[in-house]
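Below is one structure; the comments refer to it alone.
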Amino acid sequence: MIEFDNLTYLHGKPQGTGLLKANPEDFVVVEDLGFEPDGEGEHILVRILKNGCNTRFVADALAKFLKIHAREVSFAGQKDKHAVTEQWLCARVPGKEMPDLSAFQLEGCQVLEYARHKRKLRLGALKGNAFTLVLREVSNRDDVEQRLIDICVKGVPNYFGAQRFGIGGSNLQGAQRWAQTNTPVRDRNKRSFWLSAARSALFNQIVAERLKKADVNQVVDGDALQLAGRGSWFVATTEELAELQRRVNDKELMITAALPGSGEWGTQREALAFEKAAVAAETELQALLVREKVEAARRAMLLYPQQLSWNWWDDVTVEIRFWLPAGSFATSVVRELINTTGDYAHIAE
């Protein structure tokens, strides 16, 4: 299995270094649910600004404040502790009376707004995230500038970030041990983290191998293509390649890579043979996913940061802004810009 740091680059390995997350204010994330609260219902959506707190800690504190069980507080996604983040929490509080959440106090945390909502906020139920990052001590401004220009046109690999695999790769290591021993894992959180890490690592491997080809955006017979921003896909045929290539070049269609698991992977013929060969050595992880009935799926191979802009504060400091759809990793964008340094270079967004 290819280590995350050794995955193939789309724009070549960066020539310079830089410091990511010198302080929490250098990594700002604003969650975009894509909808507004209903204004009624048994749930309460709470928009939180936090600095130095992880999501689960804040959710547990909110549950305690509302005198409800921790499982009654949900969120769409985990946000980094070592960052300034805005995100929504959802608490199930039936009844007509609205609690005064302005009285909720937690160090490093502030309630920005809250309102009633009809439905529980479930994991993954967000449109995306807006990021504002500051890279400091940049050693090669010209290289970073050119890479930003290139990313606007060609995007970046849609890799799962190193944080998906746990500190020091612990989640992936857990999955590998589980696959080798076939010992039942009772802990639901471990099961979820390990299976996710296994599938994500296989996806990354397929993308890394595809990037070694002359043109990663070249449609081949049997590729699974999806409309940009959509989840469903269809299979490319030889007769359609020219027209499909035009639509891929126009970013109307995206070439996808497999999230291996049980069932058909989605590609056929040449594309399927390539994907199978890319992960042929990882038989144990593939068998684990099939055994645990994790369904195969697809994910776009490339990621195009939206609303990408940047501003150099000086020759060694740049502020970068962009928006990413849910499930994408800001650190996979930064990886194509600089070789990051600092304690929090690969902490989760």
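Every residue gets a Cβ built from N, Cα and C, even glycine.
Residues or ranges marked as active site, nucleophile in Swiss-Prot: ASP80. Around the Cβ of ASP80 (active site, nucleophile), 22 further Cβ atoms fall within 10 Å across all displayed protein chains.
Per Swiss-Prot, substrate binding site is recorded for PHE27, ASN129, PHE329, and the stated evidence type is sequence analysis. In this structure, ASN129 (substrate binding site) is part of a beta strand by DSSP. All protein chains included, ASN129 (substrate binding site) registers 25 other Cβ atoms within 10 Å of its own Cβ.
Sequence annotations record features per position, and here Swiss-Prot assigns domain 'TRUD' to 155-303 based on sequence analysis. Predicted-model confidence for the domain 'TRUD' (155-303) is 93, expressed as mean pLDDT.
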Inset, instruction - Please report the DSSP secondary structure of PHE27 (substrate binding site), reduced to three states. - result: strand
Inset, instruction - Consider each pair of residues in PHE27, ASN129, PHE329, all listed by the record as binding substrate, and report the largest Cα separation in Å as a whole number. - result: 13
Inset, instruction - To the nearest whole angstrom, state the Cα distance for the pair ASP80 (active site, nucleophile) and ASN129 (substrate binding site). - result: 12
Legend entry - Tally of DSSP helical, extended and coil residues in the domain 'TRUD' (155-303): 74 helix, 23 strand, 52 coil
